[in-house]
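The region 'Disordered' annotation in TrEMBL covers 1-36. Per TrEMBL, domain 'C2H2-type' is recorded for 41-68, 69-96, 97-124.
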Amino acid sequence: PAIAGPSNYHPDKQQSTPSHALGWSRHPASSNQKSRYRHRLCCNSCDYETGDLFQIKTHIRIHTGERPFKCHLCLRGFFQKAHLIGHLRTHKGERPHKCHQCSRSFARKSTLSKHLLLHTRDQPFKCS
């Protein structure tokens, strides 16, 4: 197996990414960067950077296609646990995020946020 990150290779442990090209690398944060992190973690496949190890490992799943969080009802896989939780609401019919302007409700907060734009944004193309 290839190394998924800096100096974390162990021959007895399976690595989480299939090739070094899909891993990440650590670089010292420059002094002009205002960050709470001492290092930048950079994706080897794109320009994504973060200082958070959890975030870089989650991001790498976009490139590897790894979807470790599976729905027990339909077996659909997800990159993040939060996405699985939102998906499970569709099976249960839960819609906890309510619009206070029109009473519509949504399974995901992000869908509600997009919906709220309909109430606040100017819409250039309206039916006449």
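Positions of Cβ are set from backbone N, Cα and C atoms, glycine also.
For the domain 'C2H2-type' (69-96), the list of distant contacts is 58, 61-62, 105-108: same-chain residues at least six beyond its ends, Cβ to Cβ under 8 Å.
The helix, strand and coil residue counts that DSSP assigns across the domain 'C2H2-type' (97-124) are 12 helix, 4 strand, 12 coil. Confidence in the domain 'C2H2-type' (69-96), given as mean pLDDT, stands at 94.
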